[in-house]
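K.L.:
The structure follows.
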Amino acid sequence: MAEGEDMQTFTSIMDALVRISTSMKNMEKELLCPVCQEMYKQPLVLPCTHNVCQACAREVLGQQGYIGHGGDPSSEPTSPASTPSTRSPRLSRRTLPKPDRLDRLLKSGFGTYPGRKRGALHPQVIMFPCPACQGDVELGERGLAGLFRNLTLERVVERYRQSVSVGGAILCQLCKPPPLEATKGCTECRATFCNECFKLFHPWGTQKAQHEPTLPTLSFRPKGLMCPDHKEEVTHYCKTCQRLVCQLCRVRRTHSGHKITPVLSAYQALKDKLTKSLTYILGNQDTVQTQICELEEAVRHTEVSGQQAKEEVSQLVRGLGAVLEEKRASLLQAIEECQQERLARLSAQIQEHRSLLDGSGLVGYAQEVLKETDQPCFVQAAKQLHNRIARATEALQTFRPAASSSFRHCQLDVGREMKLLTELNFLRVPEAPVIDTQRTFAYDQIFLCWRLPPHSPPAWHYTVEFRRTDVPAQPGPTRWQRREEVRGTSALLENPDTGSVYVLRVRGCNKAGYGEYSEDVHLHTPPAPVLHFFLDGRWGASRERLAISKDQRAVRSVPGLPLLLAADRLLTGCHLSVDVVLGDVAVTQGRSYWACAVDPASYLVKVGVGLESKLQESFQGAPDVISPRYDPDSGHDSGAEDATVEASPPFAFLTIGMGKILLGSGANSNAGLTGRDGPTAGCTVPLPPRLGICLDYERGRVSFLDAVSFRGLLECPLDCSGPVCPAFCFIGGGAVQLQEPVGTKPERKVTIGGFAKLD
């Protein structure tokens with residue numbers, strides 16, 4: 001039983017040692033210098049927080065052309081091992097010249113001395129190429145002398161060396177070759193010694209005899225971290241510069257106004273953060289292992305996908321080569337046929353010309369025919385011969401090769417093809433689309449329009465995502481509603497919720513995959529269901545002054561001769577009528593919304609609603625709103641008139657003129673159609689691109705809005721005791737355009753004038 005327990009204990013100890021050894025071995029890559037790929041020796045902390053050996057840093061600066069900027073950041077005395085003058089014990093007894101402390105203080109900024117300029121006009125800025133982050137970091141004027149040594153990293157390296165016995169025994173640095181194993185170390189001399197060399201370099205009766213020996217080591221560190229500028233112990237941490245500072249640094253103007261804390265506070269805060277982060281990582285080892293498995297699977301998938309991509313590219317290039325080879329064969333065949341045809345024609349021409357030579361068949365035959373004396377026989381034989389001789393003579397006189405020897409018509413223009421082949425590259429995903437804010441809007445439905453940037457790869461289809469922003473956020477990632485495979489560059493989102501804010505975005509897709517999302521666009525939906533109607537010109541519209549478009553969605557007031565005559569008689573009084581256009585739909589319940597655009601050049605336009613019965617009464621005879629003889633009050637203080645003052649007005653209008661909106665005070669500013677409001681002290685606001693009207697029939701309220709931002713302009717009461725109609729009033733020139741519905745227009749029931757029909 002005891003033997004089993006001992007064996008189990010031994011096994012546990014061995015497992016722990018294996019884990020420690022594995023952990024230390026895995027940690028080795030964190031202790032390697034990125035320059036020499038060996039363990040750090042006197043590492044320096046660069047401004048980018050990476051580390052590099054001091055000797056390596058000096059070598060890198062030397063390669064960059066910086067000479068004399070590789071000073072030792074530590075303030076320790078020079079070691080005997082690196083100083084040839086101390087090889088001899090006799091020379092070691094001499095007092096080594098020390099740097100002038102006054103000179104160091106003056107160079108640090110305290111005072112001046114003869115021959116030194118206070119603040120050079122163009123100080124040299126030393127740039128160090130960091131091998132870890134591949135970026136250039138600024139070291140300042142002092143170079144490496146202005147950097148801190150990473151003493152913590154040195155201690156970790158030393159513990160690691162001791163745990164895994166890296167490098168074997170430590171040898172004496174002062175022995176003649178071959179050196180003996182070191183038995184002692186001296187922190188003051190920063191060297192390792194054997195027994196004989198230690199006695200030799202620390203003779204009795206000298207100051208060095210007071211040095212206390214330590215265990216041999218390869219790294220001699222200062223007792224504390226010293227400021228590289230003032231050689232004082234650092235006591236504070238500057239959060240602004242993220243740098244340790246001493247008391248002298250703290251009072252310099254370099255750190256004036258900076259947030260400086262004691263080192264103890266910075267130490268505790270950073271240690272707590274590091275401990276918390278490390279605890280989180282150690283507590284989520286399962287997650288780390290899962291992610292490692294996912295990454296390994298991604299590596300395998302990348303290898304397979306890369307091989308498939310190579311095969312696809314090779315196949316496509318081979319296909320291009322096959323097409324080019326087939327095309328080459330066909331072009332060469334065409335050239336060969338053309339060449340044979342020309343050769344045949346030239347050969348025939350050569351034979352024909354050879355027959356004209358003296359002694360040839362045709363000439364000899366002609367000479368023999370000329371010897372014939374029988375006239376009838378001569379005529380019979382010479383007729384055909386003469387035709388041949390005539391053709392030959394003509395060919396001789398107008399000589400021209402039967403075929404051209406040039407093949408310029410067979411030249412190929414492959415400039416475009418070569419450019420295409422040169423630009424042949426992998427297909428890129430589409431760039432982020434650009435939302436067309438001028439054409440994107442929300443009305444009865446949401447219409448989203450976009451376009452691709454000019455040099456973007458084409459997209460086969462798009463994905464539109466949208467969500468409401470005015471709903472409570474659900475735990476977890478943001479959920480978007482998605483519409484896949486949208487063709488074209490526009491999309492229609494049907495049945496949006498009223499009085500909501502939607503955020504939309506879109507991205508393109510092609511064979512290479514999905515591209516980046518466009519910028520989010522926020523759209524406000526109308527506060528109530530949209531009312532679809534047309535303009536009805538049968539009531540109150542003067543055909544001479546009002547022109548309604550064919551689609552009955554726009555109206556323009558054209559002032560003619562009557563208005564000019566009225567303006568001429570304005571001082572003596574005139575009758576100036578109000579032209580009114582109504583909508584062909586009356587509202588009897590619920591909430592309704594519609595929008596319109598008013599021409600900024602309009603002289604005077606009123607947009608609003610009114611009771612159908614009251615509007616029809618106004619059509620019968622419009623009052624004189626300009627004449628000074630017009631007085632809506634009879635002068636009798638009757639109770640009926642008092643009652644009408646307290647009741648809700650039958651009309652509610654917003655007055656627009658010359659690109660401005662008149663906002664009066666109280667209900668009087670909306671008494672409306674017949675000018676009963678009179679001159680009231682009000683303010684004006686700029687006319688927005690579109691105006692929105694929201695009617696709440698049950699509450700008897702009308703709201704006028706900016707249809708672009710849905711900012712409220714005016715709200716007023718309305719008598720809703722009967723059907724209420726949209727109305728538009730014109731005095732002088734003006735134009736109104738109803739907002740086009742996005743979706744399909746439903747059938748509408750017309751109730752104005754007591755008639756009911758379906759369009």
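Just so it is clear, glycine is given a Cβ too, placed from its N, Cα and C backbone atoms.
The region 'Disordered' annotation in TrEMBL covers 67-98, 623-643. If you look up TrEMBL, you'll see 73-89 marked as compositional bias 'Low complexity'. According to TrEMBL, the feature domain 'B box-type' maps to 222-263. Here TrEMBL flags 370-427 as domain 'COS'. If you look up TrEMBL, you'll see 429-528 marked as domain 'Fibronectin type-III'. Among the features that TrEMBL reports, domain 'B30.2/SPRY' is placed at 513-747. If you look up TrEMBL, you'll see 630-639 marked as compositional bias 'Basic and acidic residues'.
What's the neighbourhood like for these features in this structure?
P.N.:
Each residue of the domain 'B box-type' (222-263) gets a DSSP state, and the totals for helix, strand and coil are 9 helix, 11 strand, 22 coil.
Look at the domain 'COS' (370-427): DSSP puts its residues at 35 helix, 0 strand, 23 coil.
Here the domain 'Fibronectin type-III' (429-528) has a mean pLDDT of 90 out of 100.
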K.L.:
Kindly report the helix/strand/coil residue split of the domain 'Fibronectin type-III' (429-528) according to DSSP, in that order.
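P.N.:
Output for the domain 'Fibronectin type-III' (429-528) reads 0 helix, 44 strand, 56 coil.
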